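So the structure is just underneath, and the comments pick up after that.
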Amino acid sequence: MAAEMAAAVWRVLLTSAMLSTALAGDSADYSSGGPLWSAYVLGDVGSPRTRLDLSAWRRDFNPLLDLDPVDLSRYWGYEAEHHHVTTEDGYVLGIHRVKARAPGQRPVAILGHPLLSCSAEWTVLGPGRALAYLLADEGFDVWLFNVRGNTYSLNHTSLSTKSAAFWDFSFHEHGTLDLPAVVLYAMRATGERRVQYVGFSMGTTIMFVMAAERPDVARHVQLFTGLGPAAHLKHTRSPPFRLLLLTSPARMRNAAKRGEYWFLQSEPALRTAGEIFCSDGSPTQGLCLGLMSAIGGRNDKQNNGTLLPYIISRTPAGTSYKNIEHYAQSMEQGKASEVEYYSGNHSVFRQYDYGSIENLARYGQERPPKYDTKNVAVPTRLYYGWNDQLVDPRDVLSLCSELPALLSCEAVSDPLWTHLNFVWSKQAPELVYRKVIADMKEAANGGGSS
């Protein structure tokens with residue numbers, strides 16, 4: 001029992017280490033509960049062989065912890081719907097729609113989540129604060145998008161989640177198959193001819209891929225807003241994230257030997273453990289908060305330990321080992337291509353590297369093709385943080401210099417702004433969301449997107 005308790009503490013603290021100090025304060029009243037979400041987790045702790053039963057220590061959880069974004073949105077008084085979108089290759093994606101509250105024009109806004117996350121990311125701050133609800137309040141028809149392999153997108157027309165084939169994807173398929181399917185579905189469902197897209201972290205990666213590889217669908221995107229845009233990762237400084245990526249090849253090989261191809265699926269044990277070890281009054285909450293600074297940067301004024309159990313209740317949402325490896329390759333290609341990088345060709349943003357022999361068979365060349373960001377014709381506004389250790393400002397500025405349809409590339413005014421401040425900061429509505437929404441409304445009315 002002591003060993004299991006120690007393992008549970010370790011897993012929760014690893015989870016906390018992969019969060020940022022960007023937690024919200026002044027959000028919705030979570031004394032009655034709320035959803036929460038996080039993004040990144042380090043370690044081989046998500047496979048079935050390591051799952052723990054913490055029922056012996058379970059407390060009286062707030063029932064809202066178990067609500068998905070649709071049921072939670074209904075709880076907060078919004079009209080919300082479940083939708084299922086089938087991709088060209090048979091994956092069934094769970095999409096959560098939050099309908100516009102304001103009368104009149106109802107432009108479509110699709111929101112894309114970060115790595116190891118899900119649509120709940122956009123509801124984390126609650127009514128009046130979370131971007132999904134602020135957009136709905138302003139008259140947008142909001143579609144919260146879930147990529148293949150996360151908690152809400154584990155179905156396929158023919159493949160089992162136990163098969164290697166199901167997990168044979170990376171952010172390339174998210175951008176070339178998942179997002180296009182959602183864009184076209186939302187257009188058909190609403191009758192709108194164009195949509196707007198907001199992505200955070202991997203949510204931006206997906207859009208860059210779609211814009212470069214699927215211009216036939218990207219032309220329907222009226223405005224792309226990217227928060228913490230993740231394309232170039234050459235200067236990533238986050239120690240846990242770097243460790244995760246650098247050890248990814250070995251993890252991928254070892255997992256394949258065990259017949260495991262998924263990475264960090266959602267686990268009920270974490271919900272219990274987060275409540276026990278990271279809640280208000282817990283002697284280990286300070287350690288949880290301290291470790292949270294490791295991944296995205298430190299910004300203590302945004303801390304709110306009360307939200308930790310809610311965040312951990314949705315961490316992680318899962319992905320494939322191949323997706324983690326693709327990000328690892330992006331970071332390593334950045335370092336390997338330093339001469340190329342500084343010679344003026346900044347793009348080290350490539351398709352998945354299978355090795356020279358298989359690359360020749362798949363791509364007709366030894367190195368994987370680049371995603372040509374110079375072909376991204378979607379009107380784009382990017383926001384970044386000076387204190388972001390995951391997506392370094394230098395990499396963002398290099399990316400901005402490549403985009404032909406860039407409208408703005410703006411640092412958040414808080415000099416300590418970190419990666420996850422974009423979704424959990426108590427100042428996110430004032431420092432980021434209000435401007436984002438103003439630009440989106442302008443684009444919807446025919447201005448500011450060209």
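A Cβ is built for glycine as well, from the same backbone N, Cα and C atoms used for every other residue.
Residues annotated as active site, nucleophile in TrEMBL: Ser201. Every protein chain considered, the tally of other Cβ atoms within 10 Å of the Cβ of Ser201 (active site, nucleophile) stands at 29.
Sequence-distant contacts of Asp388 (active site, charge relay system), defined as residues of its own chain at least six apart whose C-beta falls under 8 angstroms from its C-beta, comprise Gly228, Gly296, Gly297, Trp417, Thr418, His419. Look at Asp388 (active site, charge relay system): DSSP puts it in coil. For Asp388 (among others), the entry in TrEMBL reads active site, charge relay system.
Here TrEMBL flags His419 (among others) as active site, charge relay system. All protein chains shown were included, and the count of other CB atoms within 10 Å of the CB of His419 (active site, charge relay system) stands at 30.
If you look up TrEMBL, you'll see 71-124 marked as domain 'Partial AB-hydrolase lipase'.
Per TrEMBL, the feature domain 'AB hydrolase-1' maps to 130-408. Predicted-model confidence for the domain 'AB hydrolase-1' (130-408) is 88, expressed as mean pLDDT.
What TrEMBL lists as signal peptide is 1-24.
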Go ahead and report the DSSP secondary structure tallies for the domain 'Partial AB-hydrolase lipase' (71-124): helix first, then strand, then coil.
10 helix, 20 strand, 24 coil
